[in-house]
Amino acid sequence: MQRHMLKSKIHRAAVTHCELHYEGSCAIDEDLLEAAGLIENERIDIWNINNGERFSTYAIKGERGSGMISLNGSAARRAQLGDLVIIAAFAMVDEAELQAGWKPKLVFIDEGNKIKGHRDHVPTQNWT
């Protein structure tokens, strides 16, 4: 059996560009792509923390070290500059890979869209 699992996540990225008339996609700083294990043309889901919008598009490379998160084409209508977003990708993972210790790549970034940390799991949510 295969399970549809979270593969990659870039958490709380700030939108730096919205390019309505650019061919659709999301340009992501190449450093962030690599850290999250994402590649060009990979399907991504984007969740806008500011307004609750959720949509899918595909990743393209943004300038390395720039902090770029550019929503292009119709996706540009889903956010404003400075909105915080979560960018995620999922993968089909078989039971053997899961049992062998397969883990997602979670990337946490700062206010300038620079990497501030990595994790391979989402912590247990507690009621406190």
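Cβ from N, Cα, C; glycine included.
The active site, schiff-base intermediate with substrate annotation in Swiss-Prot covers Ser25. Here Swiss-Prot flags Tyr58 as active site, proton donor. Per Swiss-Prot, substrate binding site is recorded for Thr57, Gly73, Ser74, Ala75. Positions annotated as pyruvic acid (Ser) by Swiss-Prot, on the basis of sequence analysis: Ser25.
Sequence features, as recorded in Swiss-Prot, placed on the structure.
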residue: Ser25; record: active site, schiff-base intermediate with substrate; DSSP (3 states): strand
residue: Thr57; record: substrate binding site; DSSP (3 states): strand
residue: Gly73; record: substrate binding site; DSSP (3 states): helix
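Highlighted in sequence order, Gly24, Ser25, Cys26, Phe55, Leu71, Asn72, Ala76, Arg77, Arg78 have their Cβ within 8 Å of the centre of the Cβ atoms of Thr57, Gly73, Ser74, Ala75, the residues recorded for substrate, and are not part of that set. Here Ser74 (substrate binding site) comes close to Leu20, Gly24: these same-chain residues lie at least six apart in sequence, with C-beta atoms under 8 angstroms from its C-beta. Taking the C-alpha positions, the distance from Gly73 (substrate binding site) to the residue listed as 'active site, schiff-base intermediate with substrate' comes to 7 Å. A distance of 5 Å separates the Cα atom of the residue listed as 'active site, proton donor' from that of Ser25 (active site, schiff-base intermediate with substrate).
Recorded residues Ser25 (active site, schiff-base intermediate with substrate) and Ala75 (substrate binding site) have their alpha carbons 7 Å apart, per Cα-Cα distance.
Local packing around the Cβ, expressed as the count of other Cβ atoms within 10 angstroms, is greatest for Ala75 among the binding-site residues Gly73, Ala75. Neighbours of Ser25 (active site, schiff-base intermediate with substrate), defined as other CB atoms within 10 A of its CB across all chains, total 20.
Binding residues for substrate (Thr57, Gly73, Ser74, Ala75) extend across at most 10 Å, taking the greatest CA-CA distance.
For Thr57 (substrate binding site), the same-chain residues lying six or more positions away in sequence with a CB closer than 8 A to its CB are Gly24, Ser25, Cys26, Arg43, Ile44, Ile46, Leu71, Asn72, Gly73, Ala75.
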